[in-house]
Amino acid sequence: MSRERSLSLGGMLAAVNVILLFISAAMPTSRLFLLVLSSFSVAIMVIEANVNAGAAFYVATSLLAFILMPNKLIAFYYACFFGFYGIVKSYIERLSSNRFLEYVLKLIVFNLSLSIIYVVLKYVFAVNIFISSYLSVLVFTLLQVSFVIYDYAYTVFVSFYLKKVKRH
């Protein structure tokens, strides 16, 4: 893909991405769904251009989100996980042909991101996230299952995009 086309695609996707993040900040429901949708734009950039363009796109959209978003937590979630996951997923799946190892590495990345989010929310924003240890174990387990579903949905989206949308 030419540099000009890559830049124009990145600009259009960044606009769509920021709109999705704005909607997720404004709506009390569907925030997670809209964050997932916004993460797919990084995959499109990686597919259409390359991983470096995807990384530049992630940095640009994260900065735009922090500058423009009224709800900084949405920008924080995007920057800490949803924005960069497509790049990490691409690297991990190229690195290994062993599916078990791929999932272990992806879960490590997810849990590191989750830990960063937890620490920042607890110590910077003074948000008490977990009330009891039983509830925290339940939430942690549900987050792991949710991540596996998210990864599967991401894979389905990438496969659909490669087969039906991308011009060859």
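Along the chain as shown, residues are numbered 1 onward.
Positions of Cβ are set from backbone N, Cα and C atoms, glycine also.
According to TrEMBL, the transmembrane segment annotation covers 6-25 (among others).
Taken from TrEMBL, the feature transmembrane segment applies to 55-88 (among others).
What TrEMBL lists as transmembrane segment is 100-121 (among others).
Annotation comment: TrEMBL describes 133-162 (among others) as transmembrane segment.
6-25 is the stretch from 6-25, 100-121, 133-162 with the greatest number of Cβ pairs below 8 Å to the transmembrane segment (55-88).
If one looks beyond the transmembrane segment (6-25) by at least 6 residues along the same chain, the residues whose Cβ comes under 8 Å of a Cβ in the stretch are 31, 34-35, 37-38, 41, 44-45, 48-49, 53, 56-57, 60-61, 64-65, 68-71, 74-75, 78.
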